[in-house]
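Below you'll find the structure, written out as C-alpha cells, and then a few comments.
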Amino acid sequence: MRTHFCGLVDETLIGQTVTLAGWTDVARNQGGVCFIDLRDHEGIVQVTVEVDNAEVFAVAASLGYEDVLQVEGVVRARHAVNDKMRTGKVEVIATAITVLNKAAPLPFHAHENPGEETRLKYRYLDLRRPEMQRMQRTRIKLVQALRRHLDEKGFQDIETPILTKATPEGARDFLVPARMHPGEFYALPQSPQLFKQILMVAGFDRYYQIARCFRDEALRADRQLEFTQLDMEFAFVRERDVQDFVEDMIRGIFKEVVNVELDASFPRMTWAEAMRRYGSDKPDLRIALELVDVAELVKNSEFPVFTGPANDADGRVAALRIPGGASLSRKQIDEYAAHAAKYGAKGLAYIKIADNGEVSSPIQKFFSEESFAALVAHVGAGNGDIVFFGAGGYNKVSDFMGALRLKAGKDFGLVADGWAPLWVTDFPMFEWDEEEQRYVALHHPFTAPAVDDIADLRANARTAVSRGYDMVLNGNEIGGGSIRIHRPDMQSAVFELLGIGAEEARAKFGFLLDALNYGAPPHGGIAFGIDRIAALMAGTESIRDVIPFPKTTGAQDLMTDAPSPIVDAQLAEVHIQVRPKTN
C-alpha cells in the first residue's frame with residue numbers, strides 16, 4: 001500500500017513518484033490549494049493538492065483530523081522550507097488520494113495533552129501523539145539493546161512459569177483459581193526469583209528473561225500491578241562479579257539508547273552510610289544537601305524532644321541545612337512540617353538565620369548561648385539559611401529527613417543536571433516488624449547473609465548484614481539483587497529467623513530446599529525495572545507514560561473497563577461463589 005514512510009521522504013526522492021499511507025494530522029484548504037500534513041510512525045510530510053486536479057482537490061477539501069489516507073504523488077522541493085520538520089525541504093504533489101477510513105469526531109487531537117483519565121480511556125489515540133510515540137520507542141530500543149548485549153555475552157533467554165505457587169514474604173499475590181483442583185489456586189509471579197535460582201542448580205550458568213511480574217499493591221506514579229523487569233542470574237559469582245558486569249551493561253545501554261555517558265565507575269556506598277548522610281537507601285546524589293547528626297551537641301540541652309533520642313542508642317537527632325532557606329515564610333515552614341509528617345515526623349524544629357544575621361528559632365531558649373552557637377556552627381549554617389531538625393527513632397528520622405532533603409532540593413533548585421548512578425550495598429539482613437512482632441527480610445528470604453556461620457547469624461540477627469545490593473540512578477532504585485543462599489541448612493535457618501517454621505517452609509518452599517540439597521552452586525543475580533529505566537531515559541516522572549496499556553492509580557484499565565464482573569456460570573466452573581459487598 002505504500003512505497004515510502006512519510007517521515008523519510010527527502011531531497012533524494014525529488015522528481016520521483018511515491019505512495020504514502022498515514023493519518024491526516026492537519027488539513028488546510030486555502031482556496032486554490034489544499035495542504036495536508038500526513039503522519040505515520042516516522043513523522044510528517046506535507047502533501048499539496050492543487051485546485052486544477054478537481055477530483056483530488058474535492059477529496060482533500062473534505063478531510064478531517066485523523067482520517068486514514070493513501071496518497072500517491074510526486075516529490076518536489078518546497079518553495080518555503082520548514083526547518084522545524086525533518087521533511088521540511090520537500091513536499092508531495094498529490095495525484096491521487098484514497099480515504100481508507102474516516103475518523104469520528106475526536107475526544108482530543110494528537111497535539112493536545114488532555115487529562116490522564118481521558119488519555120487512558122482513549123489510549124489508542126493517546127499513543128498516536130508524537131511525545132507518546134517517542135517514549136514508547138525509547139522503551140523498545142532499551143529492550144532491544146538489553147537483549148542484544150546479553151545474547152552477545154552468552155546469557156540464555158529462558159522462560160519461567162506465569163502460573164506458579166503462592167508464597168509468603170512479599171507483596172500480596174494475584175491468585176488464579178485452579179478449575180481442575182477445586183479450592184486450590186495458582187499465583188501470578190511477583191518475580192521469577194525461585195525459578196531462576198533453580199535454573200542455576202540445573203546448570204544453566206547465565207540466565208536472563210524480560211519477565212512480566214505481578215504484585216497486588218497500592219499504585220503510584222512509579223508502580224503498577226503488572227510490570228516488566230530484566231531478570232538475570234549468574235552461577236559461581238561474588239557480588240563484585242555481578243556488579244561489574246551489569247554496570248558495564250547499563251553504561252553501554254544508556255550510551256546506545258539515549259546517548260548519555262554515565263560515570264566510568266559507579267560509586268559504592270553502604271546502606272548505613274546512605275541512611276546517615278541522605279536519609280534514604282536510594283539517595284539522589286545530584287542534590288548536594290546532606291544530613292548532619294547532632295546528638296552529641298543536644299543531648300544535654302533542656303529540650304526533651306531532643307534529649308530523649310540523643311541519649312537512646314536507637315535514636316537519632318539529625319539536621320538539614322538549606323542554603324537560602326531563610327526566605328521561607330511561616331506558612332511554608334508549616335508545609336515542610338506537614339510533608340515530614342507524611343513520613344512519620346511528629347514535629348519539625350528549625351533555626352532560621354536572616355540575611356542580616358538575625359536568628360529566629362522556637363528551640364533557641366532550650367540552649368545556652370554557647371551551646372546554641374556550637375550547634376549552628378556544627379551544621380554549617382550562615383546568613384540566609386534555615387536548618388530543620390528531626391528527632392526520634394533512627395530509621396523514622398532518617399526517612400522523614402530524607403524526604404525533606406528531596407523536597408528542599410526541588411523547591412530551591414538544588415538538583416544538578418546530569419546523571420548520578422551509584423551502588424548501595426551491605427543492606428541489613430532483617431528488619432523488625434512491630435505489628436507482627438517478628439523479623440522480615442529487607443530484600444527477600446533468599447538473600448545470603450554476609451556471615452557463613454549459622455550460629456553467628458542467629459546470635460546477631462538484629463545487626464546482621466546481607467549480601468544484597470541495589471543500583472540507584474538519580475534517586476531511583478533501578479535494579480536490586482543479591483548473592484543467594486545456596487546451602488539448605490542456611491536457607492532453613494533464615495526461614496526460622498523469619499518466623500517460618502519447618503513445616504510451613506516445607507509446604508511452601510520444599511521444592512527449593514530439595515533443589516539446594518542436590519549440589520546448588522554459589523549464585524547471585526539482579527533484576528532491573530524496565531518501566532522505571534525507560535521512564536528515566538524518556539524524561540518522564542510516571543512509568544505509565546512508557547507502558548503501552550497501564551492501569552490507573554485505582555487499579556483500573558479504563559480502555560477495556562477491567563476489572564469487571566464475571567457471570568455466575570464462569571464462577572461456577574472455577575468453584576467460586578462471590579459474597580455480596582458489605583459496608
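Any Cβ shown, glycine's included, is placed from N, Cα and C.
Pulled from Swiss-Prot:
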- Glu169, Arg215, His443, Arg484: L-aspartate binding site (BINDING)
- 193-196: region 'Aspartate' (REGION)
- Arg215, Asp216, Glu217, Gln224, Glu477, Gly529, Ile530, Asp531, Arg532: ATP binding site (BINDING)
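Look at the binding-site residues Glu217, Glu477 and count other Cβ atoms within 10 Å of each Cβ; Glu217 has the fewest. Nearest Cα neighbour of Glu477 (ATP binding site) among the listed binding-site residues (Arg215, His443, Arg484): His443.
Checked against Arg484 (L-aspartate binding site) by C-alpha proximity, the binding-site residues Glu217, Ile530, Arg532 yield Ile530 as the nearest. Cα of Ile530 (ATP binding site) to Cα of His443 (L-aspartate binding site): a distance of 19 Å. DSSP gives Arg215 (L-aspartate binding site) a coil state; it is part of no helix or strand.
Helix, strand and coil counts from DSSP across the region 'Aspartate' (193-196) read 4 helix, 0 strand, 0 coil. For Ile530 (ATP binding site), other Cβ atoms within 10 Å of its Cβ number 23. Pairwise Cα distances among Arg215, Asp216, Glu217, Gln224, Glu477, Gly529, Ile530, Asp531, Arg532, the recorded ATP-binding residues, top out at 20 Å. Note: the CA-CA distance between Arg532 (ATP binding site) and Arg215 (L-aspartate binding site) rounds to 16 Å. If you draw a 10 Å sphere around the CB of Arg532 (ATP binding site), it holds 21 other CB atoms from the protein chains shown. By neighbour count, meaning other C-beta atoms within 10 Å, the densest spot among the binding-site residues Arg215, His443, Arg484 is Arg484. Secondary structure at Glu477 (ATP binding site), taken from DSSP and collapsed to helix, strand or coil, is strand. Classification of His443 (L-aspartate binding site) by DSSP places it in coil, neither helical nor stranded. In three-state terms derived from DSSP, Ile530 (ATP binding site) belongs to a helical segment. Secondary structure at Arg484 (L-aspartate binding site), as computed by DSSP, is strand.
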